[in-house]
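Once you've had a glance at the structure underneath, I'll fire off some questions.
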Amino acid sequence: YYTTLTSLCDNSTFRWTIKHSFSKKTLAKPGVKNIVLVDGVRTPFLQSGTTYADLMPHDLARAALQGLLNRTGLPKDAVDYIVYGTVIQEVKTSNVAREAALGAGFSDKTPAHTVTMACISSNQAMTTAVGLIAAGQCDAVVAGGVEFMSDVPIRHSRKMRKTMLSLNKAKTLGARLSLLGSIRLAHLSPELPAVAEFSTAETMGHSADRLAAAFGVSRLEQDEFALRSHTLAKKAQDGGMLSDVISFKVPGRDIVSKDNGIRPATMEQLAKLKPAFIKPHGTVTAANSSFLTDGASAVLIMSEEKALAMGYKPKAYLRDFVYVSQDPKDQLLLGPTYATPKVLEKSGLTLNDIDVFEFHEAFAGQIMANLKAMESDWFAQTYMGRKTKVGAPPMEKFNTWGGSLSLGHPFAATGCRLVTTVAHRLQKEGGQYGLVAACAAGGQGHAMVIEAYPQ
Amino acid sequence: MSPMTTGFWVKGHGQRSLSVSSAVLARTHVSYEVKDNVAVVRINDPTSKVNTLSRHMQAEMVEVMNEIWGNAAVKSAVLISRKPGCFIAGADINMIQACKTAEEVTSLSQEGQKIFDQVEKSPIPIVAAINGSCLGGGLEFAIACQYRIATKSKKTILGTPEVMLGLLPGAGGTQRLPKMVGLPAAFDMMLTGKNIRPDKAKKMGLVHQLVDPLGPGLKSPEERTIEYLEEVAVDFAKGLAGRKVTVEKKKGLVQKIQDFVMGLPPVRKQIYKTVHSKVMKQSKGLYPAPLKIIECIQTGIEKGNAAGYLTESQNFGKLAMTSESRALIGLYHGQVTCKKNHFGKPERDVKKLAVLGAGLMGAGIAQVTIDKGVATILKDTTEEGLARGHQQVYKGLNDKTKKKSLTTFERDGIMSLLSGQLDYRDFENADMVIEAVFEDLSIKHKVVKEVEAVIPPHCIFATNTSALPIKDIAAASKRPEKVIGMHYFSPVDKMQLLEIITTNKTSKDTTASAVAVGLKQGKVIIVVGDGPGFYTTRCLAPMLAEAVRALQEGVGPKKLDSLTTGFGFPVGAATLADEVGIDVAAHVAEDLGKAFGTRFGGGNVEVLKMMVQKGFKGRKSGKGCYVYGAKSKEKKVNSGAEDILKSFKLTAPPAVSADEDIQYRLVSRFVNEAVLCLQEGILPDPVQGDIGAVFGLGFPPCLGGPFRFVDSHGADKLVQKMKRFEEAYGNQFTPCQLLLDHAKDSSKRFHK
């Protein structure tokens with residue numbers, strides 16, 4: 001039955017009749033190419049320092065790309081272009097897109113570039129792909145993202161680096177010795193990469209704690225939301241909903257096929273934790289924050305014609321998207337609040353039209369603050385130049401398969417997970433529109449409207 | 001010394017005075033509510049922008065505290081201000097000024113001591129929740145509480161600035177602070193009066209916890225930050241009451257060693273001695289307050305609390321009656337007046353400013369302008385000049401990042417407002433042009449014409465000249481109503497004064513706009529009439545002429561410096577000449593000499609000219625009266641300059657050449673010229689005269705300015721001295737009519 005329906009659906013005439021059975025209009029615009037998500041996969045998201053610990057970032061990215069090839073049966077030379085996101089760059093593979101693609105067996109004739117935009121890096125990779133297709137330059141683009149927190153570049157101090165660079169140039173033994181002699185103990189202390197804003201020097205957790213306080217989000221509310229995320233993720237995992245996860249045989253280790261950060265605890269256990277950033281009176285703890293994660297994701301994006309011509313049954317249309325940015329100090333994590341009304345307006349939709357919401361959960365406090373901001377007319381008027389609030393998404397439609405707090409948050413891989421999850425949830429739950437929204441370091445944000453592909 | 005940092009505040013008008021009994025029914029300044037066994041006491045003076053410890057505030061506070069102490073359900077308390085940006089800015093300055101005798105002030109101090117003593121011995125813990133200025137009496141209140149939490153807001157500052165008004169912390173501050181932060185830190189705070197930022201306060205042990213200021217939420221950031229501070233403070237108050245939070249923090253090894261060392265009487269004795277001699281060296285014994293502060297601290301530590309508190313209150317009373325304190329308080333009032341725009345709101349805001357000339361002054365003006373968010377063009381004629389000016393601005397801002405008052409990102413953002421250029425591009429969008437080119441009338445005329453060809457009609461042309469009359473510069477202008485003088489002082493980013501000069505053609509709106517720009521740049525402003533040297537340069541010139549005469553008479557530069565600093569000038573006369581620039585001094589002396597004749601004589605201008613010829617242009621050229629080496633701390637007298645002085649040697653008349661005579665020769669010429677400026681209408685009032693002299697020229701702050709000096713010294717005594725000098729030297733010492741009027745009638749005073 002299923003195959004029959006699929007083959008029937010490939011008939012475009014029938015597709016249109018099906019589409020009309022939706023209660024709402026399609027967002028297709030005349031003269032604008034329909035761009036579709038064919039499929040999306042991801043490696044299991046693991047807490048950093050666990051099974052992936054000995055890999056390199058391009059290994060993880062390669063696993064996601066190979067998984068996508070396997071899942072879609074895509075001929076390797078059918079891909080016009082690859083765009084991949086990453087945040088903390090491994091210096092040896094600064095264009096990680098290319099290194100991963102070569103190893104994954106893509107044609108060496110397929111160009112690849114790497115993008116970076118903090119936690120919305122793979123969103124940027126996907127919208128770059130959308131742009132390439134919309135502009136008529138490509139028909140099939142692979143987008144994705146990877147983050148590998150088990151190993152990050154730790155540098156020598158600036159003074160030490162300067163000495164070492166001068167050493168290369170020193171010609172005589174005497175010159176070298178005198179340079180070596182100039183090294184002081186303090187020069188040996190390394191520079192660690194911080195999850196801190198360069199412009200403000202504030203760590204993201206600290207900013208999240210202040211944001212929660214600004215919106216009056218209590219510790220209890222945050223712990224409750226974190227628990228919800230873990231509970232829903234566990235349910236989704238047990239119920240087999242997380243079908244975007246591929247199995248990955250880690251060299252020298254076992255086969256990994258499940259996310260390992262999902263830990264539904266009790267409220268009492270959560271309440272015991274001490275604040276992690278603002279001490280001793282803060283509210284953001286390790287348990288109500290997303291944890292450091294290793295993982296990679298990949299999606300196949302095509303023009304609708306090309307997908308159909310190749311015999312694919314797309315999962316969803318990728319429709320309007322926006323990027324926003326605001327003050328990186330006090331509004332660092334409010335991206336969803338700013339991006340949501342903007343993208344809805346662009347699409348001519350209201351919040352009520354959306355059936356599925358997938359928001360990136362950086363911190364429980366950040367999500368709660370965004371929900372409160374979206375519910376506030378005062379905030380909309382005072383800070384967003386809007387007449388009224390956009391409204392907060394209803395919780396029964398919101399991140400119902402877990403989120404970054406529980407599934408994990410490999411910075412540059414999360415965007416693809418959100419979009420693929422929206423497509424899968426629309427298929428399972430039968431809705432028409434989904435909304436993805438995320439915040440990112442630098443005070444930036446993103447949102448995208450996704451429309452279900454007629455079944 | 002900004003209004004926020006004096007530790008005192010002048011209350012606004014219209015305060016109702018309520019009797020204590022009626023205040024029970026209608027408390028206006030202090031309110032409280034009990035939340036979960038925590039009494040939250042909120043202070044808010046409805047009659048003023050800031051909270052002060054006025055009599056009224058104190059009375060309500062005592063009532064509220066007694067109610068709280070009498071309520072068995074209350075287990076702890078939080079003290080918080082409802083005003084954004086101000087906890088308690090200090091005691092009410094008028095309350096102290098209204099006292100006629102030292103005894104009255106002493107009893108005021110004792111009342112304060114008594115209240116804070118009760119707070120200190122409170123049966124329930126009290127948490128001071130501090131957001132904004134916590135100064136003087138406000139800090140004394142906070143440190144009497146059991147626990148302190150402060151926000152990390154930029155507005156949060158803690159300090160004991162009483163010394164800047166010639167007073168001391170008179171409500172227990174001299175007794176509690178040393179115990180809290182240690183002897184060295186307490187001396188530093190009370191003797192310098194400096195502001196302490198929250199991070200430093202935490203490190204010093206002045207506050208226990210810090211709270212981050214919040215950004216936008218469901219309420220304004222200011223409002224929500226105060227609410228959040230209260231929530232955190234209430235939690236700590238509960239913790240203290242339930243003994244889950246302890247006040248004492250564990251002492252580190254360094255602290256233990258320091259405590260041990262400070263416990264040794266000979267060590268403490270040495271500290272008192274060192275601090276005393278340091279104060280004497282810096283203040284020349286002209287300021288009584290620092291010495292009294294040392295005495296209070298020493299008494300408290302060596303002889304116990306009772307003796308310490310008594311000394312504190314008595315010394316406070318004595319200090320309040322000193323002329324030095326009155327002078328400093330007068331300056332404070334004057335400064336507040338000179339930080340207001342008395343010419344109304346200008347028709348247009350200056351959104352783009354252009355500065356001509358990227359020299360020391362031009363670059364300085366550009367720096368203080370972009371620093372306040374105004375886009376600025378810095379134009380020079382050569383690339384080298386421009387690069388030097390640009391670097392000066394960058395360095396000025398970068399030094400702030402080193403002191404952490406600015407982040408590197410803020411620095412970069414500010415720098416992006418500066419546009420360095422060699423042409424007149426974009427001048428068509430300028431709202432104001434300030435020229436700081438070479439002091440030569442023909443060059444200034446050329447610049448006026450060039451600029452007026454490119455600027456829009458509404459644009460104001462301001463000239464930063466130190467002596468050329470504005471009307472002479474305006475003569476080349478097609479629209480003299482838009483021409484005004486803006487005389488900045490070097491270094492522009494450090495010197496607070498701006499002297500604005502209007503001609504009889506300058507429009508009121510032009511003046512209002514120039515004042516608005518100056519206020520934005522953070523300046524203290526005096527507005528004076530046009531004339532050679534305006535006000536400030538005109539007062540300085542005769543004093544420098546006298547200084548040159550003294551040098552010619554054989555008083556060495558070092559002796560001259562020590563005589564002037566001994567009188568209270570922060571910089572000695574010879575050093576000042578080097579700082580101003582010998583070439584500038586020569587230029588001014590010659591110009592003003594031509595304008596005012598022999599009255600501006602004294603020293604021979606040729607001395608200065610000869611020095612310039614030999615390249616002794618002052619600090620900037622490495623040689624002036626002194627030699628400025630790269631490293632040596634000890635300034636050496638320039639023997640070349642000495643040779644020149646010898647060749648112009650004059651014989652000192654013994655009758656007027658004693659040390660004190662030399663001091664009064666210098667000062668009386670300054671003061672007489674200032675009074676003459678008032679008499680001639682160059683100066684609108686004595687207040688601006690005092691502010692201009694102190695903030696622009698370094699007239700001794702302890703004397704309060706030339707006019708207050710005449711009042712306190714006595715015009716008759718000054719005239720007597722001048723008559724004696726007049727006999728020896730002639731008309732340079734002829735007292736002006738206004739000064740003679742004051743000498744004749746002792747009831748005439750410049751200040752009430």
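Every residue, even glycine, has its Cβ placed from backbone N, Cα and C.
What TrEMBL says about a protein is an automatic prediction, not a curated fact.
What TrEMBL records for B:GLU499 is active site, for hydroxyacyl-coenzyme A dehydrogenase activity. Taken from TrEMBL, the feature domain '3-hydroxyacyl-CoA dehydrogenase NAD binding' applies to B:352-530. Annotation source TrEMBL lists domain '3-hydroxyacyl-CoA dehydrogenase C-terminal' at B:533-628. Residues or ranges marked as site 'Important for long-chain enoyl-CoA hydratase activity' in TrEMBL: B:GLU140, B:GLU162. Annotation source TrEMBL lists site 'Important for hydroxyacyl-coenzyme A dehydrogenase activity' at B:HIS487.
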Where the distance is taken from Cα to Cα, which of the recorded positions B:GLU140, B:HIS487, B:GLU499 turns out closest to B:GLU162 (site 'Important for long-chain enoyl-CoA hydratase activity')?
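It is B:GLU140, whose Cα lies nearest.
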Measuring Cα to Cα, how many angstrom lie between B:GLU140 (site 'Important for long-chain enoyl-CoA hydratase activity') and B:GLU499 (active site, for hydroxyacyl-coenzyme A dehydrogenase activity)?
37
State which of the following recorded positions has the fewest other Cβ atoms within 10 Å around its Cβ: B:GLU140, B:GLU162, B:GLU499.
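Across B:GLU140, B:GLU162, B:GLU499, these recorded positions, the one with fewest Cβ atoms within 10 Å is B:GLU499.
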If you draw a 10 Å sphere around the Cβ of B:HIS487 (site 'Important for hydroxyacyl-coenzyme A dehydrogenase activity'), how many other Cβ atoms fall inside it, taking every protein chain shown into account?
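Around the Cβ of B:HIS487 (site 'Important for hydroxyacyl-coenzyme A dehydrogenase activity'), 26 other Cβ atoms lie within 10 Å.
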Return only the integer: C-alpha distance in Å from B:GLU499 (active site, for hydroxyacyl-coenzyme A dehydrogenase activity) to B:HIS487 (site 'Important for hydroxyacyl-coenzyme A dehydrogenase activity').
5
For the domain '3-hydroxyacyl-CoA dehydrogenase C-terminal' (B:533-628), jot down how many residues DSSP puts in helix, in strand and in coil.
67 helix, 4 strand, 25 coil
